[in-house]
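In what follows, a single structure is set out as structure tokens and then discussed.
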Amino acid sequence: MLIALIAGIVTFILTIIGIPAFIRFYHKARITGQQMHEDVKQHQAKAGTPTMGGTVFLLTSVLASFVIGLFSHQLSNGLIMILFILVLYGVVGFLDDFLKVFRKINEGLNPKQKLFLQLVGGVVFYFFYNQHGAGDQLNIFTVPVQLGFLYVFFVLFWLIGFSNAVNLTDGIDGLASISVVISLVAYAVIAVEQKRFDILIVIISMIGGLLGFFVFNHKPAKIFMGDVGSLALGGMLAAISISLHQEWTLLLIGIVYVFETTSVMMQVTYFKLTGGKRIFRMTPVHHHFELGGLTGHGKEWSEWKVDFFFWGIGIVGSLLTLAILYL
């Protein structure tokens, strides 16, 4: 427990130091920064804001977790698998950001390229996970379900789905970073209950990194995490839920990401079926609230108000999960 707290403190301090240096490098190198293509007027002023800040908290968290795990003899297969997903999905996000920022390719990696790289990471994760006796059992609440060979498809769906879901959530200042902190706190409780102090190290380490990042990412954001951060964080949450054998919990602990992704799917489907009509003003759904409150046609919500609304949903989902598990 103490080792995990040390990892969190180390990562927090390194991120607090690293982010300003990263921002200075960005400005000194005259890098263009974040481009804004959204129809939300409030966001146009953010054009040029440094991005790829996830590189900092990702590197500090992975290094701190690896070194502290190694010296505390907690560098288990479970910890290594989560670090692997963080690194690999972080690399996918880094390539995507690099193409957008440095090569001026607005799309970054195309969907097929991104999916292929995420699939490769997911397949490697599954086979490593399976080789160490994890089995093919999916726990739904307290009911074990044997999936057999289908479990590999579930793992791929879980990793890729939540990786992209957190990416969709990262649309306004501070929203994704604190939403993930809330999710990680819930998984920290589960890890402690299971006495998985190895996994607790990377959980607390990332919490420290995200809190350090939030100092510069809250409104008005001085830096964005970019795909390098959001894709890695989503993959990490999925990997943690799998490693703790509590996969179903991510549907509630990650209810914010589920809500955001579902809103996009509903919008696209309805738009195609009705020949151009919309359910929401704009998706992901946090933009709907920005533009017109709960109904989408009322008074605009500030980014802080949207943040607190979604963080509240995340807290409720996490508390409900813990209540189901332990009460």
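Glycine is treated like the rest: Cβ placed from N, Cα and C.
Taken verbatim from Swiss-Prot:
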- 3-23: transmembrane segment (TRANSMEM)
- 51-71: transmembrane segment (TRANSMEM)
- 75-95: transmembrane segment (TRANSMEM)
- 115-135: transmembrane segment (TRANSMEM)
- 140-160: transmembrane segment (TRANSMEM)
- 172-192: transmembrane segment (TRANSMEM)
- 197-217: transmembrane segment (TRANSMEM)
- 223-243: transmembrane segment (TRANSMEM)
- 248-268: transmembrane segment (TRANSMEM)
- 306-326: transmembrane segment (TRANSMEM)
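Taking Cβ pairs closer than 8 Å, the transmembrane segment (306-326) reaches residues 141, 169, 172-175, 178-179, 182-183, 185-186, 189-190, 193, 219, 246, 249, 252-256, 259, 286, 289-290 in its own chain, all 6 or more past its ends.
Of the Cβ pairs linking the transmembrane segment (115-135) with the transmembrane segment (75-95) and spaced 6 or more residues apart, 3 or more are under 8 Å, so the two regions touch. If one looks beyond the transmembrane segment (75-95) by at least 6 residues along the same chain, the residues whose Cβ comes under 8 Å of a Cβ in the stretch are 52, 54-55, 58, 61-62, 65-66, 69, 108-109, 114, 117-118, 120-121, 124-125, 128-129, 132, 159, 163, 167, 196, 198-199, 201-202, 226-232, 234-236, 238-240, 243.
Contact between the transmembrane segment (172-192) and the transmembrane segment (248-268) is present: at least three CB pairs lie under 8 Å, with pairs separated by 6 or more positions in sequence. Tallying C-beta pairs under 8 angstroms between the transmembrane segment (140-160) and each of 3-23, 51-71, 197-217, 223-243, 248-268 places 223-243 first.
Beyond the transmembrane segment (197-217), the same-chain residues lying 6 or more positions past its ends with a Cβ under 8 Å from any Cβ of the stretch are 1, 3-5, 7-16, 19-20, 23, 53-54, 56-58, 60-61, 64-65, 68-69, 72, 74-76, 78-79, 82-83, 86, 173-174, 177-178, 180-181, 184-185, 187-188, 191, 223-225, 229, 233, 236, 240, 243-244.
Long-range contacts of the transmembrane segment (3-23) within its own chain (CB-CB distance under 8 A, at least 6 residues past either end) are made by residues 50, 52-53, 55-57, 59-61, 64-65, 68, 72, 74, 197, 200-209, 211-213, 215-216, 222-223.
Proximity of distant same-chain residues to the transmembrane segment (248-268), defined by a Cβ-Cβ separation under 8 Å and at least 6 residues beyond the stretch ends, is recorded for 138-141, 158, 161-162, 164-166, 168-169, 179, 183, 186-187, 190, 234, 237-238, 241, 278-280, 283-286, 288, 310, 313-314, 316-318, 320-321, 324-325.
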